[in-house]
Amino acid sequence: MEPPHGEQYETTGAPPVRAGRRPWVVGVSGASGTPYAAAVLRALLHAGETVDLVVSRASRLTLLDETGISFRDAHWREDLSRWLARGADGTPDRFEASLPDLGAVRYWPAGDLAAGPSSGSYPVRGMLVVPASTASVAGIALGLSKDLLQRVASVTLKERRPLVMAVRETPLSGPTLRQLVALDEAGAVVLPASPAFYAGATDIQDLVDFVAGRVLDAAGVPHKLYRRWDGALGGAAGNGTGAAGTAGGTGGTGGAAGDRPGPRAGGAGE
């Protein structure tokens, strides 16, 4: 049988693995914060990673509300391209010139509970849920599998693979806090989508990139999304380079090829 989307697989008697590296599963739930998911996806692809993408049904409503993009199963590649090209400030083509190759992405419909990542025998590196809604937190903490996102997260935990939950909600109720503790005890990394300000952010994209960078830090994926703390107080003040410009990051002129442009002045359920 031919691999979908022109992908190449190693055939060694083990489950099919795309030639190169095992993929990261990126699950997008219905919480507000679709720019976080876009930033993580861009950075993974620029880092040479392969991605298995799961977009929950509720997240499509959030994506439509936050970006005006209607995400469709039958046209997922076209819709994903528009999504990743869009900046967090609403600029529709902010990243169009540096858009990564989407050939490294495999998309699985959220209702497909027989999809590859639903089985522990399917080889992946781990899962990043970005953003993670409180509904997805509850479902995963309780071991439910009402959709593919929850099922893959449950499999990730049972297989002792990395699971990063980028929680985007405030305030947090007592039940949600207890569920987050349960996920931590089960081996997940609970990572609130809470940006820091020491990196010299000058626009909303810098704040988004900080959170996306911390998600990738938790996954052990190298990136240049923000300027790291170097122990020098005030190091970012007044340098005009944005979050990453002085550290070879994606702001200013210090980024690697394919990184996003520097900061722009005056930019505009589950």
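Including glycine, each Cβ sits where the backbone N, Cα and C put it.
Any TrEMBL annotation is an automated prediction that lacks curation.
Classification of ALA135 (FMN binding site) by DSSP places it within a helix. Taken from TrEMBL, the feature FMN binding site covers GLY30, ALA31, SER32, SER56, SER133, THR134, ALA135, SER136, ARG168.
What TrEMBL records for TYR198, ARG214 is dimethylallyl phosphate binding site. All chains included, 17 other C-beta atoms sit within 10 angstroms of the C-beta of TYR198 (dimethylallyl phosphate binding site).
Annotation source TrEMBL lists compositional bias 'Gly residues' at 240-257.
Residues or ranges marked as domain 'Flavoprotein' by TrEMBL: 24-218.
What TrEMBL records for 1-21 (among others) is region 'Disordered'.
Summarising the annotation, TrEMBL assigns region 'Disordered' to 240-270 (among others).
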Residue pair GLY30 (FMN binding site), ARG214 (dimethylallyl phosphate binding site) - Cα distance, angstrom, rounded: 20
Annotated FMN contacts GLY30, ALA31, SER32, SER56, SER133, THR134, ALA135, SER136, ARG168, maximal Cα-Cα distance (Å, integer): 15
Integer average pLDDT (0 to 100) for the domain 'Flavoprotein' (24-218): 98
Among SER32, ALA135 [binding-site residues], residue with fewest other Cβ within 10 Å: SER32
